[in-house]
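If you look up TrEMBL, you'll see 141-152 marked as compositional bias 'Polar residues'. The feature domain 'Ig-like' is assigned by TrEMBL to 30-118. Residues or ranges marked as region 'Disordered' by TrEMBL: 133-152. The transmembrane segment annotation in TrEMBL covers 168-191.
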Amino acid sequence: LSAGCCGIQGQRGMFAVKFRDSRITQPLRGQRLELECRPVDSDVGVSWIKQDPGGTLHFIAFINTLSRVTYKQSESTSTRFEAAKESGSSRLVVKSFSEQDQGTYFCLINRNQMLHFSAGQAAFLPVPTTKAPTTAPATTGNKVTPTETCTKTPAPETSKGLDFTCSIFVWIPLACGCLIFLIALVITISLCQKTKRRRCKCKR
């Protein structure tokens, strides 16, 4: 492959695969697609290959100097392709273009014991575009629109329940704290009184 790549550096602008119909930019599903490889001498064999989106090369057909075509697995015919050599060019037809035919197409010749790869022609189905979701028009009358349903305020019962729950969580810790503070205060006062009594006894 490296030898072939080096062999086409000076010819890439002229030795190329293109759509036979110049108006085609992307093939459609089920379309009969014709590709053309130019220039091709009559005294050289031509191979058609395809590089799939994953980068793997696939052999399609070989046309010898006598214009005899051999397809994959040495078959003389193909249900998917037609290949032929014409004056100064080689032609490949994809009978009904589908997802499995997507890729970049090349033709390959062997001249002076050197492989020459043409410039490739990409052939991919159009990418389907997704439409933006359309919003339903607002209805008149007493019917409630989806927007109004989403903006409803919570019922009074729900807000009361939330306030009562919040009150419990606030007041219970506060009451417990006050109770602990009172108990500590009572214990402190009683201890102080006992201490004073002991001091008074000692002075007598």
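The backbone N, Cα and C atoms fix where each Cβ goes, and this holds for glycine too.
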Which residue counts does DSSP give the domain 'Ig-like' (30-118) for helix, strand and coil?
6 helix, 47 strand, 36 coil
Please work out the mean pLDDT for the residues of the domain 'Ig-like' (30-118).
95
